[in-house]
């Protein structure tokens with residue numbers, strides 16, 4: 001039925017197309033978002049990549065060798081991501097601990113003489129650290145502000161925000177978060193570490209940063225979007241694994257929270273990356289234990305060990321635990337809502353006034369934070385030390401400048417401690433350790449905890465959205481464990497059992513707030529278990545999370561989704577919307593379709609590309625008997641490459657010689673690959689002479705010959721699922737077909753490996769026959 | 001372009017079709033496998049179910065009420081599955097522990113007088129237990145043999161093997177595994193528990209067993225395959241959570257090993273189910289601790305606590321650990337291969353000779369197992385007790401009939417124990433506890449461990465595939481921990497450090513063997529951590545698993561995949577096959593397409609249904625201008641329902657009145673629902689008079705109006721992904737379209753909630769306009 005030359009044209013297209021690695025579709029979003037996501041994502045790109053290499057065509061043997069090379073490189077990359085993220089985490093932690101440790105040691109030594117001088121030094125150090133952070137962000141790496149998780153989530157959903165995975169963003173994130181966390185702001189370093197991991201992975205995938213002359217050619221085999229996405233997924237998991245020393249939690253976080261297309265093969269590789277991170281971090285910790293790393297050895301990485309705490313729980317305790325869950329859900333949802341409003345206001349009124357305003361804002365926040373964290377404990381009366389139990393290893397008051405409970409701060413008598421200073425005038429890691437600590441019943445007064453809760457909650461809300469790298473995990477844990485411990489105090493007083501530990505309730509509080517704000521479930525649960533090293537509390541954490549997430553869901557979406565939406569990242573949810581059920585595919589198509597003929601005048605291409613922002617164009621040809629036929633999809637980006645290179649221009653308006661092989665292939669597949677971290681070319685960048693405009697291009701060799709199609713009256717929910725599940729960029733809506741050539745069922749797709757040679761034989765015969 | 005009456009016919013079809021819950025497609029596999037899996041699986045069936053209810057059409061308000069009811073029932077079911085599976089697990093464990101405990105207590109008391117009498121009693125008790133198990137399986141519930149995991153995996157992949165989820169299978173599984181595990185065979189109760197959980201879930205989903213008059217009407221709202229699949233997934237997770245007291249492990253097992261279509265919304269519900277199981281089991285354990293449950297209180301549920309063991313590890317230890325990984329990979333792959341051969345041989349030569357052979361076989365295996373486990377320790381010389389440390393709580397020899405290390409069995413002197421009896425003449429749970437135990441260096445001699453390894457490995461291979469419920473987890477742990485401890489002994493001797501515990505190596509060995517045989521990664525890792533209650537060994541377990549899986553993968557597939565293939569369950573892997581890359585959709589279509597016209601003679605339907613086994617038929621109509629048009633897919637099962645009920649037969653060969661609403665709808669949607677646990681109707685069951693055969697049916701209201709379509713020359717890998725990712729049963733292969741009506745991009749699918757009313761308005765206008 002197809003005329004011969006058309007058939008051959010399509011064959012050529014299939015040949016060439018299959019050699020382009022991320023050869024599917026691209027889409028300009030109107031919002032200025034740009035991404036080249038491929039539908040071939042879910043195809044077996046391992047084999048497609050094999051095809052790209054010239055020598056593959058020569059013989060199978062060498063192709064298989066390349067496949068082995070490809071797999072080895074893939075695992076080697078997983079190893080490198082693990083090592084890189086682990087080292088970055090160690091570096092950030094080491095720097096933060098040393099800056100903060102040195103800051104507190106200095107302040108404590110000065111306040112022995114003068115509290116005013118100590119206050120000024122404390123404020124100044126914090127200010128300098130925050131200033132350095134905000135300066136890096138505003139002048140060097142604007143994309144490194146915030147936690148980065150919404151952006152990464154968007155990237156893995158198919159939306160690429162410019163600049164998120166650049167080398168400068170990586171550098172800005174690392175040094176920025178050292179400044180912002182070391183400077184004592186109410187934010188954490190865990191979210192930024194996830195972003196750091198993702199950046200490392202992405203840079204590896206493109207063979208280093210091109211701008212800074214770091215790329216190496218032999219690593220550049222990951223050109224398809226699916227490969228890059230897989231690497232970034234590994235990077236996210238590595239980030240969480242490094243941030244919390246929680247390898248399983250990292251895998252689950254990547255799975256539950258960030259990825260949109262998950263394959264079980266990937267799990268294995270992600271898991272490997274996490275394991276590597278765990279080993280790297282453990283090695284570094286071991287090395288630091290001998291005192292090589294300054295303050296880092298004693299404080300250091302998150303593991304708030306409560307394995308020595310509460311062993312068992314009774315059924316009466318379930319009620320207060322449920323109460324914690326409800327509080328967590330309410331406070332978490334409120335947090336999301338407040339940060340949403342403030343971010344919105346900030347974006348529209350503050351941040352568009354330029355970098356200077358951002359810097360002033362961050363410095364102001366730092367000042368307020370310093371004043372509150374220093375000033376409030378001053379107002380608080382000290383409490384006498386409890387009768388110390390020499391076995392517990394708790395010293396009261398602790399020696400100045402050291403880590404631990406029972407801080408002596410502005411106390412008049414010898415054996416006294418300041419409970420507000422113990423949590424407020426401290427690094428967050430140590431504060432949480434103190435809040436989680438067992439065998440310290442009644443260390444904190446309800447008044448102090450309440451004061452701290454209100455102040456810190458406010459600070460966390462205000463700090464969120466300033467132009468510094470900022471995670472919400474640790475502040476969330478701080479807030480949660482405070483009210484958790486508060487509830488725990490009442491429980492201890494009410495039930496009067498010795499086996500109940502306030503620290504356990506603090507942990508549950510932390511879980512509940514994170515659940516109420518971020519709405520993660522399994523991953524959060526595992527992370528909490530891993531950071532506290534106590535498996536026995538697992539069912540309790542589960543219970544609290546169930547309640548807090550359910551309560552939170554009644555009010556709004558999770559923190560990351562809210563923020564992603566605010567930033568204009570159009571995430572496709574996994575579920576189709578309710579109203580899609582009543583719509584058909586035809587009704588959903590927004591714009592008029594603009595299609596190209598097979599051979600098209602250059603001037604026409606230019607005018608069409610200028611006049612609309614569509615990102616893919618159907619290509620239509622005529623058979624000899626005059627029927628029209630859709631022969632494929634031409635992505636805008638490929639058109640731009642063709643216009644820029646000009647080598648495929650021809651004078652004749654007829655199709656070029658259709659026999660494959662008769663004309664030299666003038667494009668290498670890599671020309672069609674968009675670099676991951678640049679905007680690609682735009683039609684405005686291309687300058688064509690008037691002679692060029694009069695020439696023609698035969699599009700057949702460059703189009704995607706078989707995009708996915710749906711009939712016009714298919715329900716939109718079905719279309720949505722097709723689009724979402726396969727990670728597509730374009731679907732053609734076509735009229736109902738006039739006949740069915742065949743039916744594919746499960747049986748047809750169960751090709752046994754043993755039949756391989758036969759099938760391929762058969763298939764090649766049928767091609768030559770056609 | 002469509003003629004009016006056709007358009008209306010299609011509208012009617014869409015209306016009616018949307019009211020049929022699992023209304024997509026069905027497929028008879030030639031292998032005699034039968035399943036009704038729906039493509040609507042991935043559609044938003046929550047809403048589709050809403051549509052089924054008559055009152056939905058009346059007003060939106062009540063529809064939303066139903067939606068709330070539906071969600072509540074969904075969570076209530078998750079709760080019930082958790083409670084049911086938890087109780088089943090408690091019941092099985094309680095029975096097994098009591099049977100086995102009583103058996104060993106009796107035997108020990110008899111052998112004080114006579115070893116011969118003790119031997120006879122021991123053998124007889126085992127024989128009776130195994131006989132009861134195999135009798136139940138062969139005469140009552142044949143589908144309950146084996147572990148059931150390959151079958152469940154098949155079900156969740158879209159292949160339903162008859163009988164796997166019946167009520168009788170559930171009963172058979174529970175009582176059968178009590179007999180087989182209590183009878184001391186080399187198999188475990190964990191795999192069967194997964195199957196038990198899945199059965200409970202499936203029965204709940206269909207509102208109880210219809211056959212045993214247990215169904216209740218108000219629970220029967222889960223009629224779509226997706227809902228059932230979700231429930232079964234919950235059941236699997238609950239099974240693992242109950243079997244190992246590993247709730248997180250259960251979720252991950254369901255995710256990694258059994259499901260084929262995973263949605264992140266489901267994770268939350270699965271997680272909830274697991275949490276419920278954990279609470280139920282914990283409550284039961286607490287109740288039993290007070291001595292209400294006989295032998296159960298002291299032994300009981302798996303938690304081989306090694307938290308008191310090795311705290312740290314040095315880098316030199318990584319080498320022997322890697323060796324363990326390699327051994328695990330090799331032995332695991334060998335296990336898979338041997339069991340594959342033996343199962344194959346058994347199926348073709350032994351089991352087709354009838355139930356009597358199966359019973360004799362199981363009894364023979366039981367006899368051999370009893371003789372070996374009693375006889376071999378007799379031949380072993382006793383060792384003198386080590387200098388006992390009163391703090392360790394270990395008694396040597398332990399009191400007869402109690403649990404613990406250092407069994408006195410056929411020892412001549414007072415202070416002696418028999419190391420082979422300590423692992424062999426014991427329940428498997430206790431044996432593993434002894435192998436994992438810390439602070440018992442040199443308890444076992446290398447000779448005993450080696451003897452046990454060889455004998456038990458052989459027994460496990462031989463037992464696998466007998467007609468009793470049999471899990472491979474615990475035998476795998478037994479085998480693995482034996483060689484692990486063996487390696488540990490060498491390490492202890494070689495490095496001469498006191499901090500190294502043989503028990504740690506036993507654990508790693510267990511992980512390595514399971515990894516080498518089942519090829520699970522993250523889930524296995526988490527399960528191992530949860531059952532040993534020791535998080536510190538996580539990186540080591542990861543390392544060992546990585547190695548053993550990689551080594552095993554070099555030889556063959558995982559145990560479950562091998563077994564599924566052997567049983568003819570055609571699992572669609574997540575990755576398309578290599579050779580698909582070069583094939584097109586058209587080439588893959590196996591059989592000639594048989595299509596129906598819109599109005600078809602009953603006799604034609606009957607003859608077509610008789611003459612082929614196709615499971616879906618395109619329906620083709622003509623427009624007024626004579627063009628043909630594919631109007632939908634008619635599943636075989638719906639045709640059978642129509643033929644059986646006869647109410648839609650008509651005399652005229654013209655379409656029935658096409659206006660929707662003008663004819664009474666004679667079918668309730670539930671008529672088209674195939675019960676989950678029966679074979680459905682077959683064409684041979686339907687008897688039609690010759691008058692009937694002369695009549696006609698208008699298929700338009702009953703067909704699926706928009707199945708997924710692909711163009712004929714689309715690459716088969718793309719088709720495979722579409723099929724696999726969306727869980728389809730049929731895809732139409734159609735000619736290239738002649739024009740493109742529209743293009744759907746990400747933007748078109750981002751409908752905001754706020755626009756809801758507008759969009760719906762707009763859409764209903766456009767329908768009435770057409």
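Indices start at 1 and increase along the chain as displayed.
Each Cβ is built from the backbone N, Cα and C atoms, and glycine gets one as well.
Note: TrEMBL annotation is automatic and uncurated.
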Transmembrane segment per TrEMBL - which of B:39-66, B:67-94, B:151-178: B:67-94
The annotated transmembrane segment range in TrEMBL, which must be one of B:359-379, B:380-400, B:401-421: B:359-379
Top partner of the transmembrane segment (B:231-254) among B:67-94, B:114-137, B:266-285, B:318-339, B:473-495 - counted as Cβ pairs under 8 Å: B:266-285
Sequence-remote partners of the transmembrane segment (B:473-495) [C-beta within less than 8 Å, at least six residues beyond its ends]: 186-191, 243-244, 316-317, 320, 323-324, 327-328, 331-332, 335, 423, 428-429, 431-432, 435-436, 441-442, 444, 446, 449-450, 452-453, 456-457, 460, 463, 501-514, 517-518
The transmembrane segment (B:114-137) touching the transmembrane segment (B:359-379) per 3+ Cβ pairs under 8 Å rule: yes
Contact ranking winner - B:67-94, B:114-137, B:318-339, B:507-531 against the transmembrane segment (B:266-285), Cβ under 8 Å: B:67-94
Tally of DSSP helical, extended and coil residues in the domain 'CBS' (B:703-759): 22 helix, 12 strand, 23 coil
For the transmembrane segment (B:318-339), distant same-chain residues with Cβ under 8 A (at least six beyond the ends): 457, 460-461, 464-465, 476, 479-480, 483-484, 487-488, 490-491, 505, 508-509, 511-518, 540, 543-552, 554-559, 562-563
Averaged pLDDT, computed only over the residues in the domain 'CBS' (B:703-759): 78
